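Database features, via TrEMBL:
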BINDING   Cys69, Cys72, His73, Met112  heme c 1 binding site
BINDING   Cys168, Cys171, His172, Met215  heme c 2 binding site
DOMAIN    48-135  domain 'Cytochrome c'
DOMAIN    148-238  domain 'Cytochrome c'
Amino acid sequence: MSATLHRICAKVSSAGFALESSPANLAWWRCAMPFWLICLVALSFPLSASANPPATSAPRTAPASVAVCTGCHGPQGAGSAAGMPRIAGMDPRYLAHALAMFKAGTRSSDIMQPIARTLSDADIDALSTYFSSQHPALAASQQAPSPQLITAGRTLAMHGDSNGVAACFACHGPGGTGNGQRFPSIAGEPAAFVVNRLHEFQARARAGNVKPGSMTEVASRLTDAEIREASAYLSVTSP
């Protein structure tokens with residue numbers, strides 16, 4: 001019996017992974033919609049779930065507090081072409097840490113701070129676990145990027161450039177799918193969000209808030225063309 005179980009386990013194991021948004025590009029009224037209306041929107045979409053999830057899998061249904069997220073980030077956290085970031089499939093530790101920082105006021109966002117302050121620690125854990133288990137399709141683009149932009153962005157993401165810009169995937173993991181608690185998934189992020197976020201980092205760099213090895217330093221070396229290229233490629237790259 002022991003040998004049989006060992007062979008089965010070996011086969012199974014061989015088969016076998018910013019949340020912050022720019023206020024200028026977000027429609028605040030969507031986040032402030034009455035709670036009942038957001039709930040109706042959230043419940044009108046099916047939730048993806050594994051047919052036979054293991055006992056320790058993420059919850060099959062959305063937590064009660066999910067409406068505070070879905071009103072802006074979409075029913076499954078796919079984000080939007082208008083610049084709302086994708087939070088689906090993120091490492092739950094990253095999501096929980098980001099929400100905790102927003103709640104404490106140590107991470108700035110006119111949008112996220114007041115929302116996070118309404119969440120309990122249990123809410124944060126439940127939301128982080130739920131959205132980490134979601135894998136919706138990529139958010140539709142307002143305009144499909146050109147093949148040239150995508151190709152150039154792929155080169156930058158995989159290899160960096162000659163100006164000292166490191167490859168995106170060197171920190172954010174292979175394919176941009178994330179690297180633990182510190183480096184979030186960037187694959188599938190809407191182009192508008194990536195552009196806005198990198199511009200925010202550049203603004204911090206110009207203000208003198210540059211930390212070696214941080215995104216402010218990386219962004220300070222990027223050209224406008226490279227920002228467009230990277231955002232185009234990431235927006236069409238499935239996590």
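These residue numbers are counts, starting from 1, taken along the chain as shown.
Here the Cβ of each residue, glycine as well, is placed from N, Cα and C on the backbone.
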Spatially closest candidate among Cys168, Cys171, His172, Met215, the listed binding-site residues, to Met112 (heme c 1 binding site) (Cα to Cα): Met215
DSSP residue counts for the domain 'Cytochrome c' (148-238), split into helix, strand and coil: 54 helix, 2 strand, 35 coil
Site extent for heme c 1 (largest Cα pair distance over Cys69, Cys72, His73, Met112, Å): 12
Pairwise Cα distance for Cys69 (heme c 1 binding site)/Met215 (heme c 2 binding site) [Å, integer]: 25
His172 (heme c 2 binding site), number of other Cβ atoms within 10 Å: 20
Sparsest Cβ surroundings (other CB atoms within 10 Å) among the binding-site residues Cys171, Met215: Cys171
CB-centroid shell, 8 A cutoff, heme c 2 site Cys168, Cys171, His172, Met215, site residues removed: Ala166, Phe169, Ala170, Gly176, Phe183, Ile186, Val218
Cβ-Cβ distance under 8 Å to His73 (heme c 1 binding site), same chain, at least six residues away: Gly79, Ser80, Met84, Pro85, Arg86, Ile87
Cys168 (heme c 2 binding site) and Cys72 (heme c 1 binding site), distance between Cα atoms, whole Å: 26
Residues Cys168, Cys171, His172, Met215 [recorded heme c 2 binders]: greatest CA to CA distance in Å: 11
Neighbourhood of Cys168 (heme c 2 binding site) by C-beta distance under 8 A, where only residues 6 or more apart in the same chain count: Leu156, Ala157, Met158, Gly176, Ile186, Ala230, Leu234
